[in-house]
Amino acid sequence: MPMELFLRVTWLAARPSRPLTNQTIPSHCRFTPNQPQTLASLRYHPLRMAAASSYFPSFVITPAICIVIPPRDTPESNLLLLPTPTVALKLEYQYQSNWTLATTRCCTWQMPAFLLQEIHSLLQRERPVRVGKALSPFDRCDFWLVQLHFWSFPDTLTHSRFKSKIQSSRLTTEVCLLAATQIRRFSAGSRRCEEQKKPTTPPNLITSVPYSALTVGIPFETFPNERRVALTPQNAALLLKKGFGRVLIERGAGAQAKFTDEAYEKAGATLVDRTAVWQDSDILLKVRAPLLKGSNNNNEVAALREGSTLISFLYPAQNKELVNSLAARRVTSFAMDMIPRISRAQVFDALRYIRGNPHPTNMRKALVLTIYLARWQISRATKPSSKLRIISAVFFQVRLRQPVPASNSKGCLRDGDANDPQFKCCRKIPPGKVLVIGAGVAGLSAIGAARRLGAIVRGFDTRSAAREQVQSLGAEFIEVDIQEEGSGTGGYAKEMSKEFLEAEMKLFMEQCKEVDIVITTALIPGKPAPKLIKKEMVAAMKPGSVIVDLAAEAGGNCELTIPGQLTVENGVTVIGYTDLPSRLPTQSSTLYSNNITKFLLSMAPEEKKFGVDPTDEVVRGSIVTENGEVLPPAPRPAPPPAPAPKTADLSKESATLALTPFQKISREVATVAGGMGLAVTLGKFTGPLFMSNVFTAGLASLIGYRVVWGVVPALHSPLMSVTNAISGMVGVGGLFVMGGGFVPETIPQALGALSVLLAFVNVSGGFVITKRMLDMFRRPTDPPEYPWLYAIPGLLFGGGFIAAASTGMAGLVQAGYLVSSILCISSLSGLASQATARRGNMLGILGVLSGMLASLAAVGFSPEVLAQFVGVAGFGSILGALIGRRITPTGLPQTVAALHSVVGLAAVLTSIGSVLLDLGHISTLHLVTAYLGVVIGGVTFTGSIVAFLKLAGRISSRPTILPGRHVINTSLLGGNAALMGAFVTMAPGAPMTAALCLGASTILSFLKGYTTTAAIGGADMPVVITVLNAYSGFALVAEGFMLDNPLLTTVGSLIGVSGSILSYIMCVAMNRSLTNVLFGGISSPTASDHKIEGQITKTSIDETVDSLANAESVIIVVGYGMAVAKAQYAISEITRMLRAKGVKVRFAIHPVAGRMPGQCNVLLAEASVPYDIVLEMDEINDDFDDTDVTLVIGANDTVNPIALEPGSPIAGMPVLNVWKSKEVIVMKRGMASGYADVPNPMFYMPKTRMLFGDAKTSCDAIQRGLEARK
């Protein structure tokens, strides 16, 4: 059975000599973009093909030439198809080189046997191999650039109806054109599809060996001064747990890294001698490459078992003799230094940060910086005690080869040693200036270490992408004047032009004259390190300066560097040590062991089986030898394109000019004059009664404004709950409408009784919910509180009031109103802090009860009506208490919305009942305010119901956009205004007509509440709730004006101002307009066209646990996703365990986190998270720079840095500066954008890791992981 192949030809560029039109494209060359499945056999012509490809630029067409290769015994019969009869492509084979192409004049070309054998060997490895390039002139075209690839024939077409057409096209000038979407794998223009669907290697071509049949060996490192070990006891136990048969450890292999043989035996490993490790191991793990000739003339390569697998640092470009020796032993070797820099490989890339900890490569410069910054400080210290303390704390005698620092004896390195009290003598010394050349992994870590030690740091890199990273660490980014991008392949920098290097040398000379320490980290893969610090630069440095050459292993970046030695030239110390990681062997070994273990476990084509899959990008990039062959290096990924410089749009006239002092004063004066003029106008055109109520409302609003702004954001939820309970004072209006006997006798009286019932549901439920919320914030260390003592002033006031009323009312009612108003104001003022919040709730209860008592005295009920009041009030209170007891913090937003609807309906019933009670003899002010109470209450009622249904998930949270909704809302408002005129006019003479107008207006207000609120999306519900809270206050104000009741006017003003301020806070935090919210119809923002650069980096639960456990400072950012997943309890346990380990844990709360102000604070308090570590955005935003790990749970738009860019859809929205942390872990279900539908570039930043999955499931897994590490 012949083996079928595609020889793919990709025409990368073609310029036809004449313009292309639809008429120049033959009918059989025309493709329709909406029919991508078309497969046609065409007569090929270069110009026609160019026309077809260019005419449909969005529709990629891949020309393909089909060849059929029979078995190896008949290679001469194979003919290569030619694009045209006049031009052919001739293949020339060169040993250990690329394929090359040349043009020749022949019609056919016979494939030689050696080429056929090479193709078969390529197929056995099953990897796409680039054969070559050619530049071939074609008739009537300027040029064609051609690439050829060998691919196995797709199984999907083997048995298709196109097979016969493909085979029959041999020896003809016809080829098969396949659309890019027909076969994704063979499309040159469908890169995204190729990434989603990688070629699948046939199972029979990958030899998999069960873990149970494999033995892993770890020998003693014999390289001079090497103290590390490739595997720690913890990872030895992990390999055995995964199913490996045995783990062999050479005796004493981990002794110098402080891992005892007993620890390995306890982990389950087997201790053997050196010969057994090398001869019995199927997979050998090492740190250093095996020696060809060791100290005892022992050849470690010869000791390797033939056919085994080796994983270690190899540096194959520099050690060709070693690589050839490994191939001769038929060893399959992998180089840890060749692992490609892609997202998936970061967990086993030995040159990157691993789970937020510095790798040994990065750890060395932190150690060196600590030592030599201390040495430089010693040279300036004046007191001998200063020198002795610094030496004892930080410096160890590197020349005398003394043991490692004390920090390593604990298995960890901390950069905060310079903050020890014993350094107090040196803190007045001016900070050193440090220049770091190369902002890669090592350079960035050096910058961070130097900054933490208090140095002034400057960073340099040829890659423009490094600017932001350097600046984010608090260093100054310096650059030359020449604009040239230095990004190369594999994440490294490329060699620069001569002009750039000259400017670079000039810059370094200037810097060397100023700085005290120079740290160089520049490397170019496969080549010696570039010489960046010349002799004359060293001579220009100040005596006592230090050069730390971290590229010494590759020859060094300084001309005076001697690899492995420390030298002093002209008073300048040049450090060229190549064994710095081994000077901290405990932590170095731990981190490297994590790398190599994860890399080994990743090579599993099947579960619990080891195999070499050449199609795996990481395996192919790191493999060096296989089956006796030296494999060529895999092509590195192309460098990312240089970001286009952002130019400011000078044509915009949106630049805000600063106001002059005169303009500021003029605006203030205009505001004062306008207010005073308005007061005069109202006084002229209204009466004393109206102005008296305006006077009360104005003072109450001013007091409420001052009080509400003093409430801490963490208590905004209790604030809304308290104001919602106090708004139950709307029942006072119902008291003036109630009547009859034990039951109401008229419709207005029934409406009044129902209003009182609803009001007490609100009062009781609101205070119970507030108490439950505030109790959640209580800490075990808080002093005891005695709330029952507040019953004493309540009983005294009630008893005294009743006793005094028995002898005459006099001014008792006004006194009761005064006490009630003051207590309600004090209630809101008590929420200014956690210490007084529960006291504020008790004062609110006393205020409502005293107001109700004074109102009862004002109406003078008969015993029968009083019994009716007690019945409806008692029933409402019990119902409200039951509701309040059953509500959970997660369901708090919809409960508050539901209680707002109760207030709105009570206001409607009270206003209607008050008007109907005596419609023929009522003042115009009463009519107008009653009508306004109906309108405001109606909008509040139905709007709150819609908000409740959306928040509770009973209806879709998407905005309900009615056709012409603005016209509808305007018409409804106009109808209300027209009916109001008719109502006020008809009331004295035609009561029934006026009643119909009032009823019609009630229906219109109900409809308006629905239309305005339904048009608002679920993500804007926090604003809706606060607006509805303000509406309920305005309804009380209207009721107070209607009844000339100063209590209702005062309380309503307080609630209205409170809701308005909270609405303003939420709108600013969401970048919304308050006017837009008040009038409804908030539309979803349009999608942004912001281009995201980079790629996401996924992480796992284990890596997240490692990051959290090894961090010193953690900030947890929570959003509504936490509330939905109910993950607060797991988060609380995670916080408790981390704090028990000494980790500093804090929470960052955005003002709009959750579905109502302060909801996330309440949820965390419910889970017993101490409120003193839960901070608001303004309190913690400046602390992200010094945070090791930030964990983002259920937040998106509130942590989006695109808000800082002018012109973005959320420009100006305050956000949490999460991306400034050293490491960010984002917990999300997927990559969906937030409500603003704006991409979040933070997800693609190098320091960000994405942990996908349900928040509660992930938090529970993290909790279990931390518990396992106790």
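Just so it is clear, glycine is given a Cβ too, placed from its N, Cα and C backbone atoms.
Taken from TrEMBL, the feature compositional bias 'Pro residues' applies to 632-644.
The domain 'Alanine dehydrogenase/pyridine nucleotide transhydrogenase N-terminal' annotation in TrEMBL covers 217-354. Across all of the domain 'Alanine dehydrogenase/pyridine nucleotide transhydrogenase N-terminal' (217-354), the predicted model scores a mean pLDDT of 87.
Summarising the annotation, TrEMBL assigns region 'Disordered' to 628-650.
If you look up TrEMBL, you'll see 689-709 (among others) marked as transmembrane segment.
Below 8 angstroms of C-beta separation, residues 749, 751-756, 758-767, 769-770, 773, 824, 827-828, 831, 840-841, 844, 847-848, 851-852, 855-856, 858-859, 861-862, 864-865, 867-869, 871, 873, 892, 896, 899-900, 903, 906-907, 909-911, 913-914, 917, 1029, 1032-1033, 1035-1036, 1039, 1042-1043, 1045, 1047-1048, 1051-1052, 1054-1055, 1058-1059 of the same chain, each at least six residues beyond the ends of the transmembrane segment (721-743), sit close to that stretch. Annotation comment: TrEMBL describes 721-743 (among others) as transmembrane segment.
Annotation comment: TrEMBL describes 749-769 (among others) as transmembrane segment. Long-range contacts of the transmembrane segment (749-769) within the same chain, counting only residues at least 6 positions beyond its ends with a Cβ under 8 Å from a Cβ of the stretch, are 721-722, 724-740, 841, 844-845, 848, 868-869, 872-881, 883-885, 887, 892, 895-896, 899, 902-903, 905-907, 909-910, 912-913, 916.
What TrEMBL lists as transmembrane segment is 789-809 (among others).
As annotated by TrEMBL, transmembrane segment applies to 840-859 (among others). Residues 718, 722, 725-726, 728-729, 731-732, 735-736, 738, 763, 767, 770-771, 774, 787, 790, 793-794, 797-798, 801, 805, 809, 812-813, 815-817, 819-824, 826-831, 866, 869, 1045, 1047, 1051 of the same chain lie 6 or more positions beyond the ends of the transmembrane segment (840-859) yet place their CB under 8 Å from a CB of it.
Per TrEMBL, transmembrane segment is recorded for 865-884 (among others).
Long-range contacts of the transmembrane segment (896-917) within its own chain (CB-CB distance under 8 A, at least 6 residues past either end) are made by residues 720-721, 724, 727-728, 730-731, 733-734, 736-737, 747-752, 754-755, 758-759, 761-762, 765-766, 769, 926-927, 930-931, 933-934, 936-945, 947-948, 951, 987, 995, 998, 1002, 1005, 1009, 1021, 1024-1025, 1028-1029, 1031-1032, 1035-1036, 1038-1039, 1042-1043, 1156. As annotated by TrEMBL, transmembrane segment applies to 896-917 (among others).
Residues 894, 897-898, 900-901, 903-908, 910-912, 914-915, 955, 976, 980, 983-984, 998, 1001-1002, 1004-1010, 1012-1014, 1021, 1024-1025, 1028, 1031-1032, 1034-1035, 1038-1039, 1041-1042 of the same chain lie 6+ residues outside the transmembrane segment (929-949) yet bring a C-beta within less than 8 angstroms of a C-beta in it. Residues or ranges marked as transmembrane segment in TrEMBL: 929-949 (among others).
Among the features that TrEMBL reports, transmembrane segment is placed at 970-987 (among others).
Long-range contacts of the transmembrane segment (993-1011) within the same chain, counting only residues at least 6 positions beyond its ends with a Cβ under 8 Å from a Cβ of the stretch, are 904, 908, 912, 915-916, 919, 931, 934-946, 962, 965, 968-969, 972-973, 975-976, 979-980, 982-983, 986-987, 1080. According to TrEMBL, the transmembrane segment annotation covers 993-1011 (among others).
According to TrEMBL, the feature transmembrane segment maps to 1023-1041 (among others). Same-chain neighbours of the transmembrane segment (1023-1041): 690, 693, 696-697, 720, 723-724, 727, 729-730, 732-733, 893, 896-897, 900, 903-904, 907, 910-911, 925, 929-930, 932-933, 936-937, 939-940, 943-944, 947, 1013, 1016, 1047-1060, 1062-1063, 1066-1067, 1070, 1072, 1077-1078, 1082, 1155-1157, counting only residues six or more beyond its ends whose CB sits under 8 Å from a CB of the stretch.
The feature transmembrane segment is assigned by TrEMBL to 1047-1069 (among others).
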| In the domain 'Alanine dehydrogenase/pyridine nucleotide transhydrogenase N-terminal' (217-354), how many residues does DSSP put in helix, strand and coil? | 46 helix, 22 strand, 70 coil
